[in-house]
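Take a look at the structure below.
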Amino acid sequence: MHALVINKDYFSIDKWVCFNLKSLTSNMALSEMDDLKQQVKKLSQQLQQVQEELMQMQRRINKSDNHTVGPAKLPEPAASSAQAVKRSIALQRSVESFIGLKIINLVGIVVLLIGISIGVKYAIDKNLITPFARIILAYSASAVLLLLSFMLKKNYEGFSAILFSGAMASMYFTTYGAFTYYDFFSQILCFIIMAVIALYTASRSLQYNRQEIAVVGMVGAYAIPILISTNHENYLLLFSYILVMNAGILIISFKRSWKLLNLLALIITWSFFIGWLLARYKEAYQFYAVVFMSIYYILFLLSAFAFTITRKTRLSNQQLLHILINNFSLFISLLAIFSASSSNANAAAVTAFCALLFFSFAIAGNNFFHDEKVLNRIHYATALLLAVLWIGIQYSGLTITMLWMLLAIIVFIIGIITKTIWPRLAAILLVGLTLLKLVLLDSIFFTAVQKIIAYITIGTLLLVLSFFYQKFKAVLSADDENKTNISD
């Protein structure tokens, strides 16, 4: 019994110990958990601090990128330097190509022609060959150049074009020498030979698609009348021949955009015609002069628009210059024809006619060529300039001053109504011209009454003009800015 009691006590003690151990371990676990929680909190706080520091550093980097020209972008200088090297190499190659394909070939042809001419001159001086043999030798050299151009066209088209141009130039001058120095050809036969050479050169230029060949043919063709001229020229035949040449150039204009060819033809033709009007014109030729002048003007006007019409492109600056030269050549020709031996009445009539003509062109341009704003402005400005000139020719004294001022006001009002800048600028220039005339010329020749009238009238008009400009300045400036933004 006693032993049994002991065992029972033993078991009770064991349970007590186990219970205490469990409570102790649980207390230790709780304390450790609390420690771990505190450590986790500390670590999370440290992590948040590190994240905030990283965010601040990122903001600083972004600010430095916004305010500085990224020095950290290291690959860009290498790329830019590589691009610079490529540009330098491309420039060197283009210069080398220009020298090799253009300059050397051209110099070679010139040197060859000089060598042939020196050889022929030496043979002539030493009487080694007869005149007939000299011409045959020159034609043979031209034929050799022509044959070489045919042989090399397939593989060396650029070089072949240069050889062909040299051959045609040599044939031109050989034919000229045979006619001028040795009388081997009559004037008619020489004309036919040179015309055939010119036509053949023009046709080959289209096959080569090279403008320089066409220029050689054109210069040679226009040089024919000068080279074979005599003291008894047939002007009707001369200008008919030039008309045929210009018609051929017009046909080329519809196929090729060779602006230099058209411009050279324009300058050469009008130089011929105006030079003849100033030096040899007589009133007996008036009808034919007007006919040829009108046809020339229409042909060159069409040639300026030819490629633009066929290809639906805008006019270039060179084409605009072409049209401007053509317009003023027409005006000068009309003055030379109708004012050669007459008073200022005909000159005023011609000026008024041209002013109305170009003004009508400007109106037609606004309707049919609305996109060609520069061309329309050129026609308006030309018409305005001729109107100012017409007033100066038709009137005198105080009337000119008053009409110029009135015209300036009208143009300025048009600029305000249409909300366009250039008429207002033109009006200001005309006002300046009027004041300059008033101060420099009118003050010398006007009477006291005329001076009073002129100064008071012009001063009043200028004040009124300034008032309306100040009144509508804000509206005009806003419209000008809107037009600029639209055009941009």
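A Cβ is built for glycine as well, from the same backbone N, Cα and C atoms used for every other residue.
As annotated by TrEMBL, coiled coil applies to 26-67.
Annotation source TrEMBL lists transmembrane segment at 99-120 (among others).
According to TrEMBL, the transmembrane segment annotation covers 132-152 (among others).
Per TrEMBL, transmembrane segment is recorded for 159-178 (among others).
Per TrEMBL, transmembrane segment is recorded for 184-201 (among others).
Per TrEMBL, transmembrane segment is recorded for 213-229 (among others).
Beyond the ends of the transmembrane segment (261-279), by six or more residues, the same chain brings 211, 214-215, 218-219, 222, 225, 235, 238-239, 242, 245-246, 249, 252-253, 289, 292-293, 296, 300, 303-304, 318, 321-322, 325-326, 329, 332-333, 336-337, 340 to within a C-beta distance below 8 angstroms of the stretch. What TrEMBL lists as transmembrane segment is 261-279 (among others).
The annotation transmembrane segment is assigned in TrEMBL to 285-308 (among others). Below 8 angstroms of C-beta separation, residues 235-236, 239, 242-243, 246-247, 249-250, 253-254, 256-257, 262, 265-266, 269-270, 273, 277, 314-315, 319, 322-323, 326, 329-330, 333-334, 337-338 of the same chain, each at least six residues beyond the ends of the transmembrane segment (285-308), sit close to that stretch.
Taken from TrEMBL, the feature transmembrane segment applies to 347-366 (among others).
Residues 320, 323-324, 327-328, 331, 344, 347-348, 351-352, 354-356, 358-359, 361-362, 365, 403-404, 407, 411, 422-423, 426, 430, 433 of the same chain sit 6 or more residues outside the transmembrane segment (378-395) yet have a Cβ under 8 Å from a Cβ within it. Here TrEMBL flags 378-395 (among others) as transmembrane segment.
Sequence-distant contacts of the transmembrane segment (401-418), counting only residues of its own chain at least 6 positions beyond either end whose CB sits under 8 Å from a CB of the stretch, comprise 384, 387-388, 391, 395, 424, 426-428, 430-431, 433-434, 437-438, 442, 454, 457-458, 461, 465, 468, 472, 476. Per TrEMBL, transmembrane segment is recorded for 401-418 (among others).
Within its own chain, the transmembrane segment (425-446) is flanked in space by residues 381, 384, 388, 397-398, 400-401, 404-405, 407-409, 411-412, 415, 454-455, 458, 462, 465, which lie at least six positions past its ends and keep a Cβ under 8 Å from the stretch. The annotation transmembrane segment is assigned in TrEMBL to 425-446 (among others).
Residues or ranges marked as transmembrane segment in TrEMBL: 452-469 (among others). Sequence-distant contacts of the transmembrane segment (452-469) (same chain, six or more residues past either end, CB-CB distance under 8 Å): 398, 401-402, 405, 409, 412, 416, 431, 434-435, 438, 442, 446.
Here the transmembrane segment (184-201) does not lie next to the transmembrane segment (347-366) in space: the count of CB pairs under 8 Å, restricted to residues six or more apart, is fewer than 3.
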